[in-house]
Amino acid sequence: MSDQKQSRSEKRSKRRKTNRILNTAIVVVIVLIVIVAYSIFSGGNDEEEAKETNTTQQTESPKDKSPNKKQADSKDHHDEDQDDKKKKEVIEEEGDEPNVDKNIKDPSWEPIGTEQTGTHSSSFDMGSVDWNEKVQALSYATGISEDNMIVWFIKGAGPDKAIGTVSPKDSQNDAYRVHIKWVDGEGWKPTKVQKLIENDKGM
């Protein structure tokens, strides 16, 4: 009877030991699974975060460039607006004098600049500084380059004022009468261009 009790108690103690070992093993396995799972998921998150960071930087970089692009676009748009404004400001009226097809005035005309200093004295001597500057003003007002322009006539039109008749070399009957005035320290400035019906100074 005592042998049976001993064998039962031994069996129980063995079972307890076995259960402890199994329980410990199960706990160890669970802990390992948790650690492995954590490392997998946390490592994956790091990669995803790195990918997201790169993607964000890539998507942000065009945004960084966009203000410059917007500034360039706005500058171009501003320049176009200025050009349009200048075009709109040009005033064309029907001619009110004989042989004048139309009168043209452009408020954006500026003095052409000058090399002359001191008191201005208007000169009609061909080749003089003042003459050459008058020719530049006639070219500026009509848009005809000096190389392609015939100056038919320049005369005084009052104190510090002059009138010149010009035409393109390749279209000599397409003539313009240009009114200019002297601005002290700044040079000759166009005030009016008259498109002539026919060239009354040449041909």
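The backbone N, Cα and C atoms fix where each Cβ goes, glycine too.
Going by TrEMBL, these are the annotated features:
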type     : residues : note
TRANSMEM : 21-41    : transmembrane segment
REGION   : 46-126   : region 'Disordered'
COMPBIAS : 61-90    : compositional bias 'Basic and acidic residues'
COMPBIAS : 99-108   : compositional bias 'Basic and acidic residues'
DOMAIN   : 105-196  : domain 'DUF1510'
COMPBIAS : 114-125  : compositional bias 'Polar residues'
Q: Residue list, the transmembrane segment (21-41) vs rest of chain: Cβ under 8 Å, 6 or more residues beyond ends.
A: none
Q. Mean pLDDT, the domain 'DUF1510' (105-196)?
A. 95
Q. What is the number of residues in the compositional bias 'Polar residues' (114-125) that are helix, strand and coil, as DSSP sees it?
A. 0 helix, 0 strand, 12 coil
